[in-house]
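S.K.: According to TrEMBL, the record shows the following:
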SIGNAL    1-29  signal peptide
DOMAIN    63-156  domain 'NodB homology'
Amino acid sequence: MGRCAALAMGRCAALGLLLLALHFCAAQGKNPVVRPHDDEVSQESTKLVLKIADARQNPNGCKLPLTWFACTSPACSFECGYARGLHKRGHEIATHTVTHAGLRWFERDGIEEEIGGARDDIVKCGIPAEDVVGFRTPYLADKPEVRETLYEDGFRFDSTIGVAGGADKLWPATMEDGVPFDCGHSSNDCDSSESHPGMWQIPLYVAKSGNLMDYCTVEGDGSAKPGCSAYKKLMETFDEAYNGNRAPVSIGVHKPYLQKKQFHKDLGEFFDYALGHQDVWFVTHSQLLDWMEAPVPASQMKEFMARYVCP
């Protein structure tokens, strides 16, 4: 069991907080897990996301921060000015390869080029290297060599493994004893001999809609599931966590999802619903890990969050 897994099942839950880790990947196309294209940080994607995030506030009065997983080739519509501006405002910029490549089919040299190249590109935009610490594999198509590369390159976390949701779902955990999740749940590729001491895995949780991201859509083509309300399914997912062990709720979306007016509306209304509950905070992935490594009670969360830029 990785570090903080036991803590999360006991002390962390007793602190009475529910942290919602919000992440964004702008993509389109077809894939069994996500809608792939070249994930972007651009004028259009920024406008879509901030229309929701900037209209709402955490309990400390700050707008909602999130983690952006960005690929960085010209085809990805990665714009340095927007990435730099988001980082300056308190958002997290994480890596998602250079070319939005499924790394499961790459040899080690190619994996290193995709991961290291994306981080180098982000740093060249003026974002400090010490702030670029997270990664997600495109299509969630991972394998042990991906995590090995991340570990050797000093990344703090990977967020690629899909796991079951529920009232007693597992918390993020470190990987000194391997990947502490069922890698078969979402067709991830893990090896029992893996060991990445101190590096975190922040899983994607299956929501009540059956999706890891882009709720109430059909996996593979992104079309809307008939009769499925994203607002209601996210509300049910939230309630289960809030009334359960209060493990984090992970909210992940892509640009084409937010371009659909009903989904955009549903997501905003869900944020309002979640923020209407006591001791609920929207945080980046790194902020979540900061809290897990040094948790504070709900009464001290405003002081805890004061260390970060207020978006």
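Even glycines carry a Cβ here, placed using N, Cα and C.
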S.K.: Take the domain 'NodB homology' (63-156) and average the pLDDT across it for me.
M.R.: 95
S.K.: Treating G and I as helix alongside H, and B as strand alongside E, what does DSSP give for the domain 'NodB homology' (63-156) in helix, strand and coil?
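M.R.: With helix first, then strand, then coil, the domain 'NodB homology' (63-156) has 47 helix, 12 strand, 35 coil.
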